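**Student:** So TrEMBL lists these for the protein:
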- A:6-28: transmembrane segment (TRANSMEM)
- A:491-511: transmembrane segment (TRANSMEM)
- A:531-550: transmembrane segment (TRANSMEM)
- A:583-601: transmembrane segment (TRANSMEM)
- A:631-651: transmembrane segment (TRANSMEM)
- A:663-684: transmembrane segment (TRANSMEM)
- A:704-722: transmembrane segment (TRANSMEM)
- A:795-813: transmembrane segment (TRANSMEM)
- A:834-856: transmembrane segment (TRANSMEM)
- A:876-896: transmembrane segment (TRANSMEM)
- A:911-933: transmembrane segment (TRANSMEM)
Amino acid sequence: MKWRLTWVFWATTALHVAAIAIFTRGFLLTRTELPFHSGCSDVAGSPCAPRPGAAGPNGTGGSERCWTKPAVDRVVIVVLDALRFDFVAPSALFKETKPWMDRLPVLQKLAFREGSSAKIFKAIADPPTTSLQRLKGLTTGGLPTFVDVGNSFGAPAITEDNLINQLVQNGKRVLMMGDDTWVQLFPHHFKRSYPFPSFNVKDLHTVDNGCIDNLLPSLYQEDWDVLIAHFLGVDHAGHIFGVDSLPMIEKLEQYNTVLENVISVLESQSGPGGLHENTFLLVLGDHGQTLNGDHGGGSAEEVETSIFAMSFKKPPSAIPSELDISCEYTLDERFCISSIQQLDFAVTVSALLGIPFPFGSIGRVNPELYALAGGTWNMEELKADKPEHDLKSAEWLHNYVNVLCINAWQVKRYIDIYSASSLIGFSSDDLVHVANLYAEAEATFAQKMDPLSYNSEHIKLSTLKRQINAYFRFLASVAELARSKWTEFNLTFMGIGLGMMLVSLLVHVLAIKMVNELHNGSFNPSGNSGISFGLIYAFFIVVIRACSLLSNSYILEEGKVANFLLATAGVAKIRYSIIKRKMIFEACLFLILICLLRFTIEIGLSKQAATSAFLHSSTSWMIGIDFNHPVLVYILQLLPMLALIGLAYLLYKSTADGSSQRICRIVVMGTIASYVLIVVHWASESNMLGLAQINAARNVIPRIIYAIGIGQMLLLAFSQLCNGSTVDNRSLFSKTVSMLSAWSPTVTILSGKQGPLITLASILGGYCIVMLQNIEEESDGTAKPSVVNPLSVTEWSLLALSMFFCTGHWCAFDGLRYGAAFIGFDEFVLIRQAILLTIETFGFSHIIPVFGLPFLVLRRKLFAQKELLVQLSLAYMMFGLIMAATVTVTILCVMIQRRHLMVWGLFAPKFVFDVAGLVLTDVLICLASLYYFCRPEDHRLEINTSRR
Amino acid sequence: MGETRKKTKPKASDDEASATGGLASPHAFSLHLACGLSLAAALWIAGAGGESVDLVSDPSRTLRLVWVIECPIAILLYSLARERPAQTSYIRAVVRGALALPAGAMVNALGAIALGAPVGTQYLAKTINWSLVMSTWIVVPAACVFGASWNSWQRIFAFTKPISSIDFMICLPAHGAIIGAWFGAWPMPLDWERPWQEWPICVSYGAMIGYLVGMVASLGFILLRHGHDHVKID
């Protein structure tokens with residue numbers, strides 16, 4: 001019998017886990033961050049170790065040289081956030097001229113001037129096109145995914161090897177100004193920095209003005225080698241006003257002036273011996289934006305941005321014509337603009353500065369960008385003796401081949417180490433293919449570089465070009481492989497996962513139907529249609545909540561939506577209580593409680609990180625309450641302790657009537673002891689009673705509480721094993737109480753001071769739901785025991801959801817309270833801390849509600865003893881079904897919105913939280929079924945005999 | 001925003017309610033027309049005449065105009081259709097309606113806050129005016145007609161079982177307004193950044209649409225019943 005009721009929990013758990021695993025494989029692209037760094041000496045292990053003479057006939061360099069010969073001394077990087085390609089490119093390139101085009105004329109003038117050493121590129125970014133991911137991509141030369149495994153616990157700082165890290169390692173001084181995201185990403189790298197807050201999207205000017213104020217004076221200073229200035233105005237103007245707007249045009253015109261000034265300063269100092277004699281200017285966007293100002297996805301508008309590069313070295317260099325460079329001509333065929341992958345940025349800048357390439361970079365040194373500055377030193381040398389064009393080109397190409405050799409060796413090294421050390425590496429076929437290409441390129445390189453045949457004059461241009469093409473093929477195939485692995489969704493997997501979720505829903509519904517029939521068939525052969533108002537209403541609420549998840553706005557306001565629906569259900573309950581003229585007090589209490597929860601949710605929202613996307617839901621009502629008032633502080637500290645004492649009293653009362661089992665009493669005593677310990681812990685923490693804070697003892701109390709919790713759990717499990725008493729109301733009640741009381745101290749201490757209050761609210765809410773659950777059914781007057789009310793189960797699950805938001809959580813990773821993981825422990829152990837964090841995050845919203853669900857059934861005194869189990873399993877199935885239905889819609893929505901601009905900021909975290917919650921709920925339901933359902937007995941027979 | 005269900009204390013039962021309140025359809029039509037016209041007039045005065053505001057630009061003033069203009073009309077007209085006109089004087093019904101206005105507004109406001117209406121000084125005027133309007137549409141007519149008859153209130157707002165014409169005329173627009181307001185709240189969280197997404201603009205629009213639909217539907221029901229009665233008589 002037991003299995004007839006509980007198999008469905010195990011079946012759906014298995015289905016859910018499988019479906020989620022498959023879907024996640026297709027959707028959540030993961031990449032492992034490697035902790036390795038490139039060093040100057042590594043290059044000795046490459047086949048292209050620089051040897052005297054290899055770089056050029058004159059053999060300059062040698063000692064000061066690291067990986068490549070430095071081509072520029074200083075770099076000025078101006079990042080214009082969300083710089084669309086058509087902001088920079090001449091309007092002649094496009095079919096239609098739009099108002100926002102040609103607003104940066106200084107760049108166009110310089111780029112298309114005769115004999116200039118400036119150039120405009122179309123830069124192709126890789127999705128996700130969010131600033132943080134793009135900055136990471138620009139500096140590491142990799143393809144950051146949504147989940148970069150190995151992320152430090154919470155902090156966004158980049159731990160992978162990157163351009164900035166290499167600069168610092170090699171003694172370059174980096175100066176940063178503008179967007180404070182850089183400081184978060186590189187907390188200890190900058191010699192000097194002028195960060196400005198970037199979180200306020202409505203603020204167009206703070207960051208930009210801060211940049212402008214610091215940029216020009218800094219250009220006259222000598223104390224930096226690389227200057228980064230990150231302007232945010234265009235991004236913010238796009239987000240608020242859209243691209244086709246006056247503020248956007250004003251911003252672009254402002255930038256034009258700034259760039260004019262910057263260039264004129266640089267030019268004025270670029271004479272021989274000047275400060276900027278060998279300076280390289282890069283003006284680039286991190287990503288584009290759509291006409292509405294959105295970005296994040298992979299549409300052409302979002303990934304197409306621009307790089308403007310200019311070398312101030314005189315005389316200007318020319319790009320060798322031998323390279324087959326494809327470019328896009330403007331309509332009048334006057335200008336030609338070539339493309340560059342943003343992936344190539346880090347490695348090209350590294351090559352220009354002569355520092356080691358970032359370890360995880362998979363880009364290639366872009367020939368055109370490299371030639372702009374990298375071509376220059378050869379020019380001068382060659383002009384003196386051999387002014388022949390061919391030779392000049394050959395020299396350049398030869399040098400470039402050397403750089404590419406190092407480049408290819410570094411990429412190959414990364415791919416090899418990555419596939420050896422990451423959890424999910426590349427497939428072996430792909431690896432073999434890449435390895436073959438590399439071997440091919442290396443073979444010709446070794447041949448060419450054979451010292452005997454080496455003679456610069458004899459190396460044919462065509463050989464060099466073949467060699468370059470071999471390297472290009474290798475690097476391109478690596479980039480393609482990496483993109484398919486890290487940026488493309490696998491729709492097949494996603495479809496299979498979604499299909500399995502739908503199947504699991506079907507299984508759930510069928511199981512509910514089956515159990516329901518079993519139940520009806522046993523004593524209610526006439527059977528009502530089973531479609532009650534409660535069922536329709538519950539169905540309506542679940543559907544409307546599920547549909548609301550399809551929009552990002554409702555996901556942002558999910559807590560409020562849940563509360564709205566819960567309040568609607570509460571109002572419906574009031575209506576019924578008026579019809580019945582009873583329990584009006586409970587109904588009103590429920591509504592008041594919901595009202596309080598709603599305010600708590602708003603307080604929780606206001607605590608969110610300032611940079612969170614969720615912040616804009618403003619907390620309107622918190623008007624000028626000074627939370628630092630001493631009396632208020634005192635009350636706020638005292639209140640949780642009073643609540644805890646009240647809880648302890650409540651627990652004591654619930655078991656004091658002597659009817660409960662001995663085990664239950666023991667467990668409850670343990671819980672009360674834990675509560676006392678918590679009060680002592682908090683009192684000593686806040687120094688309230690003058691108890692001195694003893695540092696060593698700080699961790700003792702939480703650990704004792706965890707130990708008591710584990711002990712209670714073991715006790716309960718043990719008693720379950722050896723005590724197979726029949727289930728009746730009383731024993732189920734004491735079992736539920738003891739289970740909840742075993743969990744509650746741990747959950748409470750992890751939640752902090754709000755814990756006891758939330759616990760009280762949960763008890764009150766649960767009490768109201770239980771009391772009100774049958775209110776609409778007894779209207780017939782006949783006291784027929786009907787099935788557990790679906791509306792009550794829906795309310796139960798909505799209340800659980802509200803609790804999640806009430807406890808100050810939200811579905812984003814910055815919503816996790818990492819501090820809770822370290823209550824009772826100082827050092828970090830992944831599994832232990834992860835368990836604590838899970839209990840803190842899902843405690844009130846999943847663990848307590850699932851184990852408390854029997855209360856819904858207990859209230860119905862009319863149930864026969866055996867009937868209880870059928871009802872209980874029905875309740876659990878409905879709860880699981882509601883949860884699974886919501887998660888299925890989340891999965892569907894993530895699948896539909898996978899190209900949405902908020903997919904990485906909003907939908908993916910929501911997906912992760914929902915999926916984790918679902919699996920946790922499933923597992924908990926299975927555990928609960930083991931715990932609450934007793935030994936198998938022939939149940940049906942007994943019902944039949946007892947009823948007839 | 002359906003929260004007007006709990007109202008006034010229970011009183012002596014009066015089951016003859018169903019017997020009275022038989023309102024002829026022309027009367028019902030003119031009553032609804034007067035209420036609808038007063039609503040339109042209020043909006044027109046707000047827009048064209050003098051004040052030149054509308055619901056979006058200044059919701060609180062517009063809503064104030066609506067209840068200031070519509071409430072007296074509703075009280076005066078519905079009091080004409082009061083139950084047991086013999087025992088209850090006209091003045092008494094008017095006073096009942098006037099007293100019910102703030103009481104109903106209170107219930108409406110509390111319900112709206114429970115459902116998530118923003119609280120704060122800048123919303124205070126809007127919430128008060130909005131709940132007065134809702135009260136005018138939902139509570140005032142019932143108070144004028146039924147007074148403190150708990151059974152009638154329960155029949156209309158809890159059981160939703162209108163019997164007579166006047167029951168229909170109170171019940172359907174009130175439920176329409178409540179349901180309309182409930183649905184009107186849904187666009188509020190969307191990120192369209194339109195001015196009408198502010199509280200209580202779209203909720204008021206929803207309630208208004210629901211109210212008008214309810215009025216039309218109640219007229220339809222009354223006509224249907226009337227025809228039915230005629231058939232029966234024949």
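The first residue you see is number 1, and the count goes up from there.
Positions of Cβ are set from backbone N, Cα and C atoms, glycine also.
Tell me about the surroundings of these features in the structure.
**Tutor:** Outside the transmembrane segment (A:6-28) by six or more residues, the chain places 146-147, 489-494, 496-501, 503-504, 507-508, 511, 873, 876-877, 880, 884, 887, 891, 894-895, 898, 908, 911-912, 915, 918-919, 922-923, 925-926, 929-930, 933 with a CB less than 8 A from a CB of the stretch.
Among residues of the same chain six or more beyond the transmembrane segment (A:491-511), those with a C-beta under 8 A of the stretch's C-beta atoms are 8, 11-12, 15-16, 18-27, 877, 880-881, 884-885, 887-888, 891-892, 895, 898.
Only residues 6 or more beyond the boundaries of the transmembrane segment (A:531-550), in the same chain, are considered here, and those with a CB under 8 A from a CB of the stretch are 558, 561-562, 565, 568-569, 572, 776-777, 786, 789-794, 798, 882, 885-886, 888-890, 892-893, 896-897, 910.
Residues 559-560, 563, 566-567, 570-571, 573-574, 576-577, 621, 761, 764-765, 767-769, 771-772, 775, 802-803, 805-806 of the same chain, all 6+ positions outside the transmembrane segment (A:583-601), place their C-beta atoms under 8 angstroms from a C-beta of that stretch.
Under 8 Å from some Cβ of the transmembrane segment (A:704-722) lie the Cβ atoms of residues 663, 666-667, 670-671, 673-674, 677-678, 735, 738-739, 741-743, 745-746, 749, 824, 930-931, all in the same chain and six or more residues away from its ends.
Same-chain residues lying 6+ beyond the ends of the transmembrane segment (A:876-896) with a Cβ under 8 Å from its Cβ atoms: 8-9, 12, 16, 23, 27, 494-495, 497-498, 501-502, 504-505, 508-509, 511-512, 515, 542, 545-547, 549-550, 788, 790, 793-794, 796-797, 849-850, 853, 903, 907-908, 910-911, 914-915, 917-918, 921-922, 925, 928-929.
Only residues 6 or more beyond the boundaries of the transmembrane segment (A:911-933), in the same chain, are considered here, and those with a CB under 8 A from a CB of the stretch are 2, 5-6, 9-10, 12-13, 16-17, 20, 24, 27-28, 716-717, 720, 727, 732, 735-736, 739, 811, 838, 842, 845-847, 850-851, 853-854, 869, 872-873, 876, 879-880, 883-884, 886-887, 890-891, 894.
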**Student:** For the transmembrane segment (A:795-813), give me same-chain residues lying six or more residues beyond its boundaries with a C-beta closer than 8 angstroms to one of its C-beta atoms, as numbers and ranges.
**Tutor:** 154, 541, 545, 555, 558-559, 562-563, 565-566, 569, 594, 597, 600-601, 603-605, 607-608, 612-614, 751, 754, 758, 761-762, 765-766, 769, 841-846, 848-849, 853, 856, 879, 882-883, 905-906, 909-910, 913-914
